[in-house]
């Protein structure tokens, strides 16, 4: 795979000066998860690289997504009259999700324990986190499915965007304040998802068919939890943190335009993908929901990773990601109706392009930063010849 220099010299210089700054105020994280992660990291061998822990946790999510894709590709399996996902699969999903969450909490502690913390490790961690959003959202959807007691694929599309928007808010905060305020919703959602998988394994998906009270189903709580985490917790806290930085005169970007730059590409991506499902000649999101979610989530991760590079290197965020230019052409071609018979094929091809582009970008950035930090470390150790 050919590599490309995606990180500019200005950004490389910015990484050399970068210092990690984060605030975690979630009681669940502080009083429950961190003590647990501290116990876990003590039993890990010191030779295990933190980035390997990060990647392993991410691959557990990919494995869960792949496993549920096999048993429930179209999200019908949990509906009445369909062959349900085996209980052992739900047990595996619960274990894999909790392992992924645990490893995501342990990797940074392992880095500090082995004195191997680097900006590359943080970028690798947060970059994979941005991609993980689509995997755990699409996977937990199989619990309820798209039947009468489930959630429609269009509704889940918008719920996916609620999760994606919640994620980018934290990095928008850091882009403007220099501090990463870890969102409360993440810890709550990960623990809840793991518990739901285990409950489903024990009692079956039929449990979710029954109303909890009156005509309110469990799927309604699922929807309220996702939307509520954004509008009741994440968004107000993000706005408060940015306002506090403004009041203390510590904002990194003084103009509203510069402060809002990180939102431009995600908004364009949202508009393009929404236009596609709204004017699709073959109602593509009904026919291929899993692939469409994967395409959107991967494109979002690519956009977000570029923001993370900018925030960590203290450089200006570009208004538009180049990936969105060919996507615009694809969407216009599809909604024009001229390729109606090939829309599914076009979706698969474009999803493959997005996946390849994002993986190429990630490998290239990791390679470029690794080489840079190795040269930088060597220059610090090299004796002065003067």
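Placed from the backbone N, Cα and C atoms, the Cβ positions cover glycine too.
TrEMBL: automatically predicted annotations, no manual curation.
Listed ranges 193-211, 345-363; the one TrEMBL annotates as transmembrane segment is 345-363. As stated in TrEMBL, the feature transmembrane segment covers range 150-170 out of the listed 150-170, 171-191. In this chain, the transmembrane segment (291-309) lies in contact with the transmembrane segment (150-170); the count of Cβ pairs under 8 Å, excluding pairs fewer than 6 apart in sequence, is at least 3. Here the listed stretches are 123-144, 255-279, 321-339, and the one with the most C-beta pairs under 8 angstroms to the transmembrane segment (83-103) is 123-144.
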